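**Student:** Attaching a single structure in structure tokens format; questions to follow.
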């Protein structure tokens, strides 16, 4: 026969399990509703002005992060069953940036210039949007729930600000693995800026090959970056900062920008303060290490 304290432990476990099941049920219901909203609005062009009644009844609320639970990191070498184009020419950008699609010509009026690799919950995207209103900015995120959160966040922001100058039509997110498929999305020299904000440090030495900055990957980043384009990195892990600096310094197509340049660059300030991870580091009084590198001309072009 169980002792009284054992009975209490069993009850506590049952209560905890029941609460977890109830919480998961709420999350599932919430996400189902958001999924319907996402399907309805993610391809909307917002060309026809809604009636006052539609505007009032069809407002979309910002998503709540607690309903998008996800592990902090994801294994980039796993088979995530991701969708990706065979080449940049096969990519359908209209579904991500409907506001920049010309119905008459059936062509995009602009192409993606800025990429936030591992965009997390989209804090950097939303802050960059008003700074570069005519540039398309893409967030790439491998985690399912986090990607859906950012999708819902962008949909809500577009809905809320559709009649304003800053309407967030220039930002989007897709679920993708930049370590494997980056050249499938972007043409040679297409990007002007790439951000790597608080990437997974992969502390164990045997995991270092999974870090987002390696010699091989830097060559791919150099391929999609235009001459003079900038790689932005920030982390709260000094060892990872030193690792990224070492590999960028060793690569012949990147040159570090000065501290004076960093202090004057608007994107550095936004990157330092706007991401959710960065804000958490600030709250915990942690340190942030920044390094920015310019894409150099190819050697054969330096004649």
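Here the Cβ of each residue, glycine as well, is placed from N, Cα and C on the backbone.
As annotated by Swiss-Prot, active site applies to 200, with the evidence given as sequence analysis. Per Swiss-Prot, S-adenosyl-L-methionine binding site is recorded for 118, 141, 142, 177, 178, 197, 275, 276, 277, and the stated evidence type is sequence analysis. Taken from Swiss-Prot, the feature compositional bias 'Basic and acidic residues' applies to 10-38. The annotation region 'Disordered' is assigned in Swiss-Prot to 1-64.
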**Student:** Given residue 118 (S-adenosyl-L-methionine binding site) and the residue listed as 'active site', what distance in Å do their CA atoms have, once rounded to a whole number?
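**Tutor:** Answer for this pair: 9 Å between alpha carbons.
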**Student:** Translate the DSSP assignment of residue 178 (S-adenosyl-L-methionine binding site) into the three-state scheme.
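**Tutor:** Assignment for residue 178 (S-adenosyl-L-methionine binding site) reads helix.
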**Student:** Rounded to a whole angstrom, what is the largest C-alpha distance between any two of the residues 118, 141, 142, 177, 178, 197, 275, 276, 277 that the record assigns to S-adenosyl-L-methionine?
**Tutor:** 21
**Student:** To the nearest Å, how far is the Cα of residue 142 (S-adenosyl-L-methionine binding site) from the Cα of the residue listed as 'active site'?
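**Tutor:** The residue listed as 'active site' has its Cα 12 Å from the Cα of residue 142 (S-adenosyl-L-methionine binding site).
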**Student:** Which of the three DSSP-derived classes (helix, strand, coil) applies to residue 277 (S-adenosyl-L-methionine binding site)?
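**Tutor:** Assignment for residue 277 (S-adenosyl-L-methionine binding site) reads helix.
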**Student:** Measuring Cα to Cα, how far is residue 200 (active site) from residue 275 (S-adenosyl-L-methionine binding site) in Å?
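**Tutor:** Cα of residue 200 (active site) to Cα of residue 275 (S-adenosyl-L-methionine binding site) measures 15 Å after rounding.
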